[in-house]
Structures are given as C-alpha cells and as structure tokens.
Amino acid sequence: MYALKRELWCVLLLCGAICTSPSQETHRRLRRGVRSYRVTCRDEKTQMIYQQHQSWLRPLLRGNRVEHCWCNDGQTQCHSVPVKSCSEPRCFNGGTCLQAIYFSDFVCQCPVGFIGRQCEIDARATCYEDQGITYRGTWSTTESGAECVNWNTSGLASMPYNGRRPDAVKLGLGNHNYCRNPDKDSKPWCYIFKAEKYSPDFCSTPACTKEKEECYTGKGLDYRGTRSLTMSGAFCLPWNSLVLMGKIYTAWNSNAQTLGLGKHNYCRNPDGDTQPWCHVLKDHKLTWEYCDLPQCVTCGLRQYKEPQFRIKGGLYADITSHPWQAAIFVKNRRSPGERFLCGGILISSCWVLSAAHCFQERFPPHHVRVVLGRTYRLVPGEEEQAFEVEKYIVHKEFDDDTYDNDIALLQLKSDSLTCAQESDAVRTVCLPEANLQLPDWTECELSGYGKHEASSPFYSERLKEAHVRLYPSSRCTSKHLFNKTITNNMLCAGDTRSGGDNANLHDACQGDSGGPLVCMKGNHMTLVGVISWGLGCGQKDVPGVYTKVTNYLNWIRDNTRP
C-alpha cells in the first residue's frame, strides 16, 4: 500500500519535480515516562534534525529550483520547487536568500566556509577566542569525550538554553550540536546525554593562541613584555647591572618582583612615570630614556552589558556598552538652565563628533556643554565627565536642505593637553580606515537618548541602543526614500526583521542625531556613520540615513590637528 502511495505521489510531481529516494536514517527515542516514540529525521546532506511532519528547504540548487523536504515516519522525502529571491535579507555572512514561490519557506545559499540554515556557522573556525562567546565553529566533542546533543533536541525544551529560544540565532544555537557559550561561561560547552539525563559539559574545543601584544595600557605600570629598545635606538641595561648600584629601581629593590624588575633588560615603569622606560649608557654616562613602545589601542573596546528591557524602537542600555556616546546640552536663551540638544561621539580625548544640523542656530560655544559617561539623560552618573566647549566646527559645505555633509566637530575645553579620561564609562570609538568596506546587511549598532517613536513628545530618559543592518547602495537611493536626495556622503541602515506595521523595529529617532552608528571590526567597535536623518522612526522597509564617516577622515584629521 505504501509503495502505491509513493508511486502516485511521484506521478503527481512529474511536472519539473524530482523525487529523492528516502535513504536517510530513522532516529527513534523513547521519552521516559511517556508511552510513545518520538520519530525524527536527520537530513544527511545538512545533518539537521527534523520532527515528524516538519518540512524544510535545502540548498540543492538546480537552476532556479531547490528541494522541499519533509519528515514522514522517520524518512526524509523531497521534491524540487521553484524559488525566487527573498523579499528581505535573512542570511548571514553574505549568504544568498531564496524563498519558495508558493509558500513562505526560505533557504540560504552560503558562501564557501559557512553552513547552517542562515549561514550562521563558520566551518573554518578551528579555535575560540577569549571565552568563546562569539565562537561559531563546528566542534562537537566534550572534554569527557562525549558527543554533543543537538540544541533542537526535544529533551532540552525545559533547559535554559536550547535551539528554540527566540534569541537562538544571536546566541549561536540552532539545529546543530556544535559547542557554544550562550551564558558567557568560561569556555564553550554543550549538553550531553549521560546516565539517562541531559547535563552540560565543557567542550574540548582548542583555544586560539594569543600573540603577546607589545604595547602598554595607561601608564604601562603593568607592562611585562620583552621590549628593550629606547626611542633613541639605545639598548636597555639589565636591571641587575652592576652599573646601577646605588639606583633606586634595580633588581635589588625590595619590591623588584612586584615592579617587574629582575635579571633582564626589559622596559618597565616602576616609579609611576608617564610610560615604560629603562636605564641606558649614553656617551659612557648612565642615564635613562623612554622606551620605543606603542600604547595599546583601546578605542572601540567596551564592557558590554546585555540589555534587560526592550522598549519601542530599541533596548535600554548602559553607558558602559557605548562609552563613546556623548550627550550635548545648550543653555536656554530666555530662561535659566539648559536643554538636551543632540548626541555626540568621542573620537579622541578632546574632540567629539556630531551632526551639523544640530548647530544650525549657531549657538555661542560657551553656551554648549558636553557630558560623557551618562546612562540617564538628565541624571548625573558616578563616572561622568562634563566639559565646556572651546569651539565647534560645522562642515562648510553642509546643506540644510538635503543634509549633505551633515557633520560637525566639538573641541572640549581643558587646561591641559588631555580632556576626557578613559574609564569603563568613557572611551573613544575607533575611526574607520579609509578603505573600509563592510558586507551588505552587516549588523551594526546605534545609540542615543532620542524619542521612542516619532509621535512621542519626550526624549528617552535613558540611553537606548538599536540593532540595524547596513543597506546595499542599490537600496539606499532616492527611489527607496520617497524621492528624498541621497548623496555619496550618506549611507543607509535599518532593521530588516520580518513583521507587520506594528512590529517593534529598531531605528534612530528625533534626539538621536549626532550619535554613533558602529560596527564590529576585529574586536573593536568602529564608527561608520553619524546619525543624520530619516522618514519617521522604525518604519518597515524605510532605512535611516547616516553621514558616511569614511568620506570625512581627512576633514577630521585636518581640523583636529594641534
């Protein structure tokens, strides 16, 4: 009888259809305490597990067709279906999205090196960095030698981390059994089935070897590297050299071990000087010199805190997640006090970047104040730093009609050569390289104290963050923005998640102007855009428009030179 049904089914699919013989293995597991068998199918081509009667597409491209498969009594049955390009991006890492013409399923055609339903798995990753939170490789063996269980396994439904969580893709979980670290543990792990129960186990995934970075942070008090050359090119003397007898900082100092001194000639900063130094002989005379040692790049680093509260247009955030965010205030003209004006971006100790349109009223510089390190817009923070403004520079070619060249610089006032002091709440963002090219649909972040929605009469009381994707230039045109002028100095980004008109789409809004659009480059957050303008807030398929920072690197450099 089954054979007859099978034959009839194939006849019905003769018009361009392809019948795939069910050669996949049937997996049956008795769930304890339940008198029924869970029937699943494993797709041998993708290694994904599917439940009884579940259907899916798989990327077996034949012209403009893919295969539509479903799980029937433990066997995978497939036939080809026509597809079209997806109406919205759903694939990561440059994958091509194809959607079935007659139903809503989609499939991603992944570039070389990436696999997974949405190309979210990096098959080339052979080790994990730091704690492995961003590890997306394919290691699936634990330290005990056990094989990891698929995160989609029904037995994990009651576990805190499984492949069916709403944020599964973000955490790296899904229909696979690869090691992950979704809870920010010390290293990647997975669930295993042992002694009739599921339990977590650390994976044997190798950690990436870290090259010792020859640079110093702060004043270099903790520098323990091996650099031994000074700025003049002289070689350092060993700290235990007899020539140093009578000097305070030598290998014979009672605190030598704590200070990093010993039987070596490596640069150190035992006395709290401005940077590491060492003793040298110059013209047969004993002296000292600063070392030829660069300061570590700390721009774009942060202590990211996972947002706990979702609000209209984004998520509430802590300033330590966006320590380059500035709040710009201006004195009221006809009443005492000040009002919030715009956002800004700390790009160096004494310079803040913002949007030109924020300063169309040409306020006197001494009426403007910049606050750094503040989570709540109007409530002083414990680590905040406030500055008066020496001057601000609006781009000479700013067009207040089209918002072309919508960029401005503010110089912070200080009695010394430095202004903002680096901390967890205050840090510069990295400026991009001139040739920076990020892939289309790269996920980036913006932050600001702006309104939750366009109709709101109030700005947000707390800093917000939003997650958006970079639009390709072909989708950042006047045609896609109701015939508004788009120039080469602008870029577009928006929330591309599916949903109806009432979906909570992330976006910038009034009051966020001048704030940052940042993307991860390496392990540093890099500034790619300045929040400029948009049509409404959080409208589906309507991106926000940002000033393209790479076009202004020379302008920034020329105007911030001492």
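Glycine residues also receive a Cβ, built from the backbone N, Cα and C atoms like all the rest.
As given in Swiss-Prot:
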{"type": "ACT_SITE", "residues": "His357", "note": "active site, charge relay system"}
{"type": "ACT_SITE", "residues": "Asp406", "note": "active site, charge relay system"}
{"type": "ACT_SITE", "residues": "Ser513", "note": "active site, charge relay system"}
{"type": "DOMAIN", "residues": "311-561", "note": "domain 'Peptidase S1'"}
{"type": "CARBOHYD", "residues": "Thr96", "note": "O-linked glycosylation site"}
{"type": "CARBOHYD", "residues": "Asn152", "note": "N-linked glycosylation site"}
{"type": "CARBOHYD", "residues": "Asn483", "note": "N-linked glycosylation site"}
{"type": "SITE", "residues": "Tyr102", "note": "site 'Important for binding to LRP1'"}
{"type": "SITE", "residues": "Lys464", "note": "site 'Important for single-chain activity'"}
{"type": "SITE", "residues": "Asp512", "note": "site 'Important for single-chain activity'"}
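In this structure, Lys464 (site 'Important for single-chain activity') is part of a beta strand by DSSP. Tyr102 (site 'Important for binding to LRP1') falls within neither a helix nor a strand when secondary structure is assigned with DSSP, and so counts as coil. Comparing local CB density within 10 A for the recorded positions His357, Lys464, the maximum falls on Lys464. For the recorded site, His357 (active site, charge relay system), the DSSP three-state label reads helix. Ser513 (active site, charge relay system) has His357 nearby among the recorded positions Tyr102, Asn152, His357, Asn483, counting only those with a Cα within 10 angstroms of its own Cα.
Non-local contacts of Thr96 (O-linked glycosylation site) by the CB criterion (under 8 A, 6+ apart in sequence, same chain) comprise Ser85, Cys108, Gln109. Nearest in space to Asn152 (N-linked glycosylation site), taking C-alpha to C-alpha distance over the recorded positions Tyr102, His357, Asp406, Lys464, Asp512, is Tyr102. A distance of 6 Å separates the Cα atom of Asp406 (active site, charge relay system) from that of His357 (active site, charge relay system). For the domain 'Peptidase S1' (311-561), the predicted model reports an average pLDDT of 93.
For Lys464 (site 'Important for single-chain activity') paired with Tyr102 (site 'Important for binding to LRP1'), the C-alpha to C-alpha distance reads 40 Å. Mapped onto three states, the DSSP output places Asp406 (active site, charge relay system) in coil. For His357 (active site, charge relay system) paired with Asp512 (site 'Important for single-chain activity'), the C-alpha to C-alpha distance reads 12 Å.
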